[in-house]
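One structure is given here, and the rest of the page talks about it.
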């Protein structure tokens with residue numbers, strides 16, 4: 001189940017908010033410029049569906065989202081035990097970074113935590129299948145799919161060159177294990 005835990009950024013033991021209510025999650029993230037939604041698709045593609053099948057399943061949602069955001073492309077990413085260089089990839093995601101465009105993800109299968117560092121707070125959002133999250137450009141954050149990930153997600157891009165991170169150099173992600 002999706003949930004949000006908010007901490008003060010100087011104390012990982014000081015929980016400011018913890019909720020699994022999607023409306024409360026959306027409101028809390030909206031307050032920092034992020035977006036969170038639940039998409040209820042009548043059909044969920046199988047875990048081993050081809051990227052095209054996954055994209056086609058969610059095409060109506062993607063068309064609307066891409067029209068709203070001006071995004072130019074979408075693709076499917078799978079992160080699991082068979083992912084080449086999984087450890088190095090996880091290390092990249094776990095380092096606090098920003099992007100020059102919004103980072104938009106929709107979880108088709110599995111789960112992962114997007115952790116946003118904004119205005120003295122750490123917002124740990126556990127996203128599960130059916131969740132859409134959009135992290136605003138320039139927002140320091142990191143991502144953790146866990147030690148044994150099994151995630152399928154849609155990625156939506158404005159810049160067709162794909163995922164490019166600008167690392168902050170802050171080690172805060174090491175101090176805040178995901179909830």
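Each Cβ is built from the backbone N, Cα and C atoms, and glycine gets one as well.
Per Swiss-Prot, the feature Ni(2+) binding site maps to 97, 99, 103, 141; the stated evidence is sequence analysis. The DSSP secondary structure for residue 141 (Ni(2+) binding site) is strand. Listed in sequence order, 96, 97, 98, 103, 114, 115, 116, 117, 135 are the same-chain residues six or more apart from residue 141 (Ni(2+) binding site) with CB atoms under 8 A from its CB.
Under the heading Fe(2+) binding site, Swiss-Prot lists 97, 99, 103, 141.
For 96, the entry in Swiss-Prot reads site 'May play a role in metal incorporation in vivo'. In the three-state DSSP scheme, residue 96 (site 'May play a role in metal incorporation in vivo') falls into the coil class.
Swiss-Prot lists 102 with the feature site 'May play a role in transmitting local conformational changes'. For residue 102 (site 'May play a role in transmitting local conformational changes'), the same-chain residues that are 6 or more apart in sequence and have a Cβ closer than 8 Å to its Cβ are 69, 134, 135, 136, 137, 158.
According to Swiss-Prot, the site 'Important to generate the dianion' annotation covers 105. In this view, residue 105 (site 'Important to generate the dianion') is surrounded by 20 other Cβ atoms within 10 Å of its Cβ, with every protein chain counted.
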How long is the line from the C-alpha of residue 105 (site 'Important to generate the dianion') to the C-alpha of residue 99 (Ni(2+) binding site), rounded to the nearest angstrom? 14
Here the 10 Å Cβ neighbour count for residue 99 (Ni(2+) binding site) comes out at 18
Tell me, how many other CB atoms lie within 10 A of the CB of residue 97 (Ni(2+) binding site), whichever protein chain they belong to? 22
